[in-house]
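A short worksheet on the structure shown next.
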Amino acid sequence: MENKRNFFITIALSILILALWQVFYLGPKTEAQREQARIEEQQRQAQQAAQNRQASSSTGDTPQMPANPDSIPGQGDTKAAGAPLTRDAAIAQSPRIEIDTPSLRGSINLTGARLDDLYLKKYHETVSDKSPEIELLAPSSLKQGYFVELGFTGNDATGAVPGPNTVWVVEGNNKLTPSTPVTLTYTNDKNLTFKRVISVDDAYMFTVDDTIINNGGSTVSLASYGRVTRFNQPEHASATYVLHEGLIGVMGQDGLQEIKYAKIEDNKDISFKDVIGGWVGITDKYWAATLIPPQDEKFTGRFSHFTNDRPRYQSDLLSAPLTVAPGQSQKIQNRVFAGAKVVNTIQNYETKYHIKQFDLLIDWGWFYFITKPMFYLIDWIYKFTGNFGVAILVVTVLLKALFFPLANKSYKSMARMKLMQPKMTEIREKYADDKMKQQQAMMELYKREKINPLAGCWPVLVQIPVFFALYKVLYVTIEMRHAPFFGWIQDLAAPDPTSIFNLFGLLPYTVPHFLMIGVWPIIMGIIMFLQMRMNPTPPDPTQAAIFTWMPIIFTFMLASFPAGLVIYWAWNNTLSIIQQSVIMKRQGVKIELFDNLKGLFRRKPKEANK
């Protein structure tokens with residue numbers, strides 16, 4: 001039965017390897033193939049569009065009356081057909097008002113009142129504070145144009161309502177800060193006046209208060225629209241199934257919607273009508289831009305893809321019709337989140353503004369119920385330690401304490417099984433020719449001695465969801481981005497940057513990515529090797545080979561994982577070795593580690609010459 005226990009442990013580890021292989025190798029490979037097919041299809045569509053392009057693209061991509069997503073106005077003049085523009089040249093094409101907050105800098109384009117120029121002050125492209133700040137939004141005339149826009153759709157009775165080409169007029173203050181909102185106005189030929197007040201907090205939430213004043217002689221009906229538009233896929237778009245990057249939103253009772261770029265290219269248009277409570281946007285790994293309508297009013301949400309002159313991805317929403325009588329006014333408030341997906345900030349916005357499931361803007365994954373609490377625990381401990389790496393080590397100890405009863409019971413059962421090895425050997429020899437009686441005798445022995453032959457599997461199986469949950473925390477939470485540990489580990493969310501194949505930087509050449517086997521993966525592999533040697537070598541040659549090669553396989557596999565995860569795995573295995581050693585010693589069971597290590601280096605006797 002000892003062999004069966006080893007067999008089940010082998011199966012559990014094999015399943016883990018296959019799962020990791022699927023997620024981190026086959027998944028990206030398949031996604032890359034799909035990406036190549038997508039690019040080829042885009043090129044074909046672009047050629048076709050160039051031959052059949054119409055002078056105007058005013059139908060289909062911005063919500064008009066009646067309240068139908070197809071009524072949204074076109075994206076306006078992007079001036080993308082000419083020579084490529086620099087960012088400064090694109091920004092200089094239209095009048096703007098400056099944005100300056102503790103977290104953001106940029107400007108609002110007065111043409112369309114677009115938020116299309118935004119940098120994140122607190123985040124840089126690399127671990128160096130001297131590297132460029134993260135660029136979130138960019139003018140539509142650039143190749144990677146990315147903007148947020150709020151406007152209105154109307155009809156003949158309303159006249160021209162604010163849209164992508166409307167030039168707003170600034171009243172008073174012309175710099176947006178947390179303490180100084182800005183006011184924009186526009187009056188059309190039907191005596192409708194639109195007054196927009198834009199405010200921003202210290203973090204990443206913009207509040208847009210629109211007032212429609214009817215100074216005309218007839219009742220009018222119009223609707224408010226909003227959209228987040230991105231031209232071309234981002235260069236950093238993830239090719240794995242571990243993380244969602246693309247269009248995203250919560251659609252009332254339909255819940256969370258995650259639409260990858262490739263999916264919306266296939267479907268072109270995905271709509272949800274009569275939604276109450278939710279939001280729409282586009283998300284990256286660490287950043288996002290979203291539109292948040294009034295949570296107690298109906299809206300229509302839509303995800304779409306256009307190929308008029310270049311690929312364009314869009315998340316938009318359209319309010320229910322607003323009726324404004326002569327001499328009366330109507331108000332509507334929308335919010336725009338544009339910034340870093342800081343966990344506590346997102347959670348506070350959800351609570352403060354009652355935004356439905358806004359916390360799902362962060363991709364917590366399948367093990368949401370483990371991943372999110374684990375992050376909060378790590379974050380809480382970080383407040384005391386000041387180092388996320390140390391916090392992970394402390395959390396590992398706490399997890400060991402939490403699962404101690406289960407692990408303790410398992411190790412005790414394993415220790416008792418080792419004490420029973422002589423009796424088990426006796427049974428095998430006694431019933432060598434009768435497997436049925438051998439199994440019956442074994443089961444009676446287990447029952448009499450209160451041994452669970454599968455107990456050793458539990459410590460391994462319990463680690464699997466914890467492993468994936470911690471990986472998710474390290475991979476998706478911005479708090480872990482560029483978080484240092486000690487020494488050469490300056491980013492826990494990135495792989496160990498060293499490699500044994502250039503002697504950890506002593507040799508002056510760059511090592512290929514697949515040979516980046518750093519210090520911590522090697523430490524993890526050695527500790528895993530020692531853990532495997534805590535038990536006798538399985539008599540079955542196949543199992544023995546698997547147990548021998550398992551640490552080497554894991555060393556290569558985990559080398560490309562976040563350093564924080566490798567450190568966790570090494571520390572967790574170290575604690576397991578200590579725990580197992582103490583329990584075995586208390587049970588009077590011999591620890592096989594040292595004998596197994598001696599056996600590796602002991603010179604085998606030469607066979608006698610025949």
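Any Cβ shown, glycine's included, is placed from N, Cα and C.
Here Swiss-Prot flags 7-27 (among others) as transmembrane segment, drawing on sequence analysis.
Feature annotation from Swiss-Prot assigns region 'Disordered' to 36-82.
Here Swiss-Prot flags 44-55 as compositional bias 'Low complexity'.
Swiss-Prot lists 358-378 (among others) with the feature transmembrane segment, giving sequence analysis as the kind of evidence.
Beyond the transmembrane segment (387-407), the same-chain residues lying 6 or more positions past its ends with a Cβ under 8 Å from any Cβ of the stretch are 374, 377-379, 381, 458-459, 462, 466, 470, 479-480, 483-486, 489, 492, 564, 567-568, 571-572, 575-576, 579. The transmembrane segment annotation in Swiss-Prot covers 387-407 (among others) and rests on sequence analysis.
Proximity of distant same-chain residues to the transmembrane segment (458-478), defined by a Cβ-Cβ separation under 8 Å and at least 6 residues beyond the stretch ends, is recorded for 9, 12-13, 16, 123, 242-243, 285-286, 340-343, 362-367, 370-371, 374-375, 378, 392, 399, 403, 406-407, 410-411, 492-493, 561-562, 564-565, 568-569, 572, 576. The transmembrane segment annotation in Swiss-Prot covers 458-478 (among others), and the record cites sequence analysis as its basis.
Summarising the annotation, Swiss-Prot assigns transmembrane segment to 510-530 (among others).
Positions annotated as transmembrane segment by Swiss-Prot, on the basis of sequence analysis: 546-566 (among others).
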Inset, instruction - Using a Cβ-Cβ cut-off of under 8 Å, list the residues of the same chain that are 6+ residues beyond the ends of the transmembrane segment (358-378) and lie near it. - result: 242-244, 248, 250, 256, 258, 279, 281, 283, 288, 290, 292, 337, 341, 343, 346-347, 349-350, 388, 391-392, 395, 398, 465-466, 468-470, 472-473, 476-477, 479
